Amino acid sequence: MGRNFLAGDRERDLEMSGYVREWLPPERLCWKVLDVVELLDLSAFENSYRDDGRGGAASPPARLIALLLYCYGKGVRSSRSIEQACWDDVGCRTITANRRVDHSTVARCVRRHRAALNSLFVQVLSLCGRRGLVDLSAVAVDGSPMEANASRDANQRLQRLEETVSQCEKEIHALMEDAVNHALGVEADGSAAQGDGEDTCDNWSRLSRLCDRLTRAHSARDRLHERAMPSPTEIRIKVEAAERMVVRAEKRLAAETEAHEEKLKKYELRVREDRAAGRRGANGRPPVPMERKTVLVRQRTRLVKMRARLERARTPRPAPSPESVPA
């Protein structure tokens, strides 16, 4: 009796379903990426294409974006490697509806939509994190104070949270630029991609952690804004006090202006009377012009400050506690 091995004949027709959705089970990454892309606003990509129906048919932006995200998530970054994956990877073939995507198409998409990709990437990572497509549990290992403790987030100063948000956005932009430049660099010199494996996965993990930090910082900042905002009663009291100060400053400026205008009129009247009588230089130095009168300049400046104070009272900003949490 011979050995019992599973039979396989590569010369016969493949027994694959003609329905693309039956190629892979629903829990595979490609389906989740496609679901995420459907939630995104891709108008910035679509508006760059002509809408008169002329020219050759282009690949839909949603298809290319899903392909890029899927490949980047698996550590495939260069345009030529993505083209090869469209032959070898069933997930890529599912995303592209079994259509081959040329490496030049991928490179042109990255080059043409560089700014839109950069602005879209943070949103993509946030959605992926909430759907469990990327592992965000390791956010604590990068030295960030942005732990999952909500009270600790809420106690950080607003300025520190703003700095955290700014720093995360800069680092995400830098890593995204590195990925884009890598793809374009491979397309420019025609060489094969290098470092598509472990280094790319590390960058993807870093992007995931940065996105989680950014999401937590935004959430903490919003909570801090809401908690530090004054109550409606406090706002009303401050607005009423500021309005009284504005009215007082306006009255004081009007009184000073009227008094100085009266002085100028009296001086002009005396000058005309002296000229009519043939007298010269009998009235002394003329009064200071309106725009140079010290008391008027001071009152106008005060009125500007009072109006600015009233505007701040009507649109209050949060006043967070000066206490901060050490990193």
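Note: Cβ is positioned from N, Cα and C throughout, glycine not excepted.
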Given ranges 39-66, 151-178, 179-206, the stretch to which TrEMBL attaches the annotation coiled coil: 151-178
Region 'Disordered' per TrEMBL - which of 88-107, 248-267, 308-327: 308-327
Counts by DSSP class (helix H/G/I, strand E/B, coil) across the region 'Disordered' (275-294): 7 helix, 0 strand, 13 coil
